[in-house]
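Q: The structure under discussion is supplied below as structure tokens; questions concerning it will follow.
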Amino acid sequence: MSVETKAPRVPCCSKLKLFLISLSFVYFAKAFGGSYMKSSVTQIERRFDIPSSLIGVIDGSFEIGNLLVIAFVSYFGAKLHRPRLIGIGCLIMAAGAFLTALPHFFQGQYVYETTLSHIPEENSTESILPCLANTSHLVINDLSTAASKAACEKEAGSSMWIYVFLGNMLRGIGETPVMPLGVSYLDDYARKENTAIYLACLQTVGILGPVFGFMFGSFCAKIYVDIGSVDLESISINHKDSRWVGAWWLGFLVSGFLMLLAGIPFWFLPNTLAKQCKSPSKKRQKEDIQAKSSSDTPEVEPEQGSFLPEDNTEEDAPQPVTMAAMAKDFAPSLKRLFSNKVYLLIILTSVVAFNGFIGMITFKPKFMEQVYGQSPSKAIFLIGSMNLPAVAVGVIVGGLVMKRFKLSVLGAARLSIVSSFLSFCLLLIQYFLQCDNSEVAGLTMTYQGATEVSYQQESLLSQCNMGCSCSLKHWDPVCARNGITYASPCLAGCQTSTGVGKEMEFHNCTCMQELKGGLMAPPTNMSAILGQCPRKSDCDRMFKFYMAVTVLGAFVSACGGTSGYIVLLRSIHPDLKSLALGMHTLIGRTLGGIPPPIYFGALIDRTCLKWGLKRCGGQGACRFYDSHAFRITFLGLVYCLYGLANLLWGVLYLQLSKRQKKLELRSQAKATALEANGNNNPNGHAMVSIFKNKDDLDRDNESTI
């Protein structure tokens, strides 16, 4: 007898586990591609010379792709072959990744802006004279730009960012079936008490994707964009320079191959499975048999109970349905779904929280670069190696807490609220972890403290460089021995230079004269080297505190991730599960994924102090920000959004508590009615009362939950 019962269970459980493993790899691959896109935002912005607001539009194109198809995929996909739809999505994501990398192979070589680009001969030993040499070359450059701007734009491929936009949108379309169809498939065929740990596994493996994505992004950010086609010795900038562009295209090729591999297993998985077996011990089997024989009422699992009435009807085999029938039922299903008050509150809370999270993660590398003076590659590396592992551990801990303490829906909501509030408190601490602005002559400094050099308001010109006819548009920073950065060697008043490439050094810089005893005296060293000056030593110490706070905050916030999903899954009817998850993703990404990078980027652009110059003229990407204004703008937006999300969590919890009390009272009334009817007439009025109570509960849940 035992052999007969175990025989069908093995393939059932093995196929479900195979689906879980395959879906986990898809989560890893799509998270790898998405996080690599986030890590490459700065590189793409510099390569195509576009502002942060436009890079926000490109980043939001992923959500635009989701918006186009997710409602239909979530609804119709639930009635079709779900694993194969996920496999098709993987193919589309792979195509989108390859399309994103395509512009690199059709664009010309990257030409970074510099005031010295026209001057040196590679084998020349002639000394460059920055202060004297700029006038003629700048005039020639302006004339040639005015005469052939259209041809230059075409050669530079300045509009090829559109391919990145379309490729990212295609990735969004392909990602659409993964979450709603994959999660609903798992929840349909897994035991309810296992759903939380399965979701935790998915999210944990999904978080490993961003870890590797950001790490690989950090690696690529140090590789020059045209690696293999240029002589790296002739490049005068390094990966710490704001004009440097890394090999942004490389990660998208890797991401595309990963997605192709991830989609293969789904073509061989069945559309339906038997419900996951419990595999209990022999003692537990006997107890279950005795319980079934002695009780006519179904067993209720309180730890994973939902706010929905129990439906004791046996599941019928799936019947074939026509597209017309599905389309006819679509509008009524939407009406039932959006009459659920708890679901609407979850949607609203998620939208606000998504706004804060997407805006923060998109521009966090730039925040670390501008406020704490870190290079983009180091910022990306630290996010991937410290913040994201903390998130993975937090998700695991949250799932284990759910399973260990068998939390109810209210318990899951409490866990989410506590983790959200504590992470918000840790966010507030970041406001006090600040560094001083970089000292850049004419931008953050209008008077050089120990010198008699003063600058006009919002101008890089001073008496020391007035006779050099310097370009005010170019950004070619040099670091003086006095710790001050100048926008170019010419604007530092440098007269001569030695060395070539990255080793070039400038001498006799007139803007570095010092006051001694009230008289002008040359400093001991009036030289400067290429690149921006590093921050003061106390900024490194402050950055370590910042990283500790962010890592702890990431862990605490992630502890409530799984419990939040459980609240969502247990608050909707089973037949609406795929549609509810799809609409949650649709609305969350439409209102919480598309706008944040755009308005975050637009407000961050307002803190720019020095814009770059495009190859063919015109305003390019920002080269230098006011770090104080950047910090206040960035953190202010995050605080407002996360503060509002915490308030909405409180409202949601009150609604959940109110609904739970109503259901408890009705359950007691139902039990009393069953007992009374059973004693009076077990064959007659009992069944009428049961179905009446069930219909009332169904009607109430559809209209008020």
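The chain as shown is numbered from 1 upward.
Any Cβ shown, glycine's included, is placed from N, Cα and C.
The transmembrane segment annotation in TrEMBL covers 16-33, 53-78, 85-106, 196-225, 246-268, 342-363, 379-401, 545-568, 634-656. TrEMBL lists 19-661 with the feature domain 'Major facilitator superfamily (MFS) profile'. The annotation region 'Disordered' is assigned in TrEMBL to 279-315. Annotation comment: TrEMBL describes 458-513 as domain 'Kazal-like'.
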Q: Taking a Cβ cut-off under 8 Å, which residues six or more beyond the ends of the transmembrane segment (16-33) line up next to it in the same chain?
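A: Beyond its ends, the transmembrane segment (16-33) has Cβ neighbours at 83, 86, 90, 93, 97, 171, 175, 178, 182, 185-186, 189-190, 198, 201-203, 205-210, 212-213, 216, 252, 254-255, 258-259, 261-263, 265-266, 269, 273, 276.
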Q: Let's see if you can do this one: DSSP helix, strand and coil counts over the domain 'Kazal-like' (458-513), in that order.
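A: Going by DSSP assignments, the domain 'Kazal-like' (458-513) contains 9 helix, 12 strand, 35 coil.
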Q: How about the transmembrane segment (545-568) and the transmembrane segment (53-78): at least 3 CB pairs under 8 Å, pairs 6 or more apart in sequence, or not?
A: no
Q: Could you tell me whether the transmembrane segment (85-106) and the transmembrane segment (246-268) have 3+ CB pairs under 8 A, leaving out pairs under 6 positions apart?
A: yes
Q: Can at least 3 Cβ pairs under 8 A be found between the transmembrane segment (196-225) and the transmembrane segment (53-78), with each pair 6 or more apart in sequence?
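A: Counting Cβ pairs under 8 Å (6 or more apart in sequence), the transmembrane segment (196-225) does not reach the transmembrane segment (53-78), since there are fewer than 3.
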Q: For the domain 'Major facilitator superfamily (MFS) profile' (19-661), would you mind checking the mean pLDDT of the predicted model?
A: 80
Q: Which residues, given as numbers and ranges, are at least 6 beyond the ends of the transmembrane segment (634-656) yet have a Cβ under 8 Å from it?
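A: Residues 307, 341-342, 345-346, 348-349, 352-353, 355-356, 359-360, 363, 367, 409-410, 413-414, 416-417, 420-421, 423-424, 427-428, 430-431, 567, 599-600, 603-604 contact the transmembrane segment (634-656) from elsewhere in the chain.
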Q: Same chain, outside the transmembrane segment (342-363) by at least 6, Cβ under 8 Å from its Cβ: which residues?
A: 38, 41, 52, 56, 59, 307, 420, 567-568, 571-572, 580, 583-584, 587-589, 591-593, 595-597, 599-601, 604, 634, 637-638, 641-642, 644-645, 648-649, 651-652, 655-656, 659, 705
Q: So what's near the transmembrane segment (85-106) in sequence-distant terms, Cβ-Cβ under 8 Å and 6+ beyond its ends?
A: 23, 26, 29-30, 33, 37, 65, 73, 77, 157, 160-161, 163-164, 166-178, 181-182, 225, 248-250, 252-253, 255-257, 259-260, 262-267
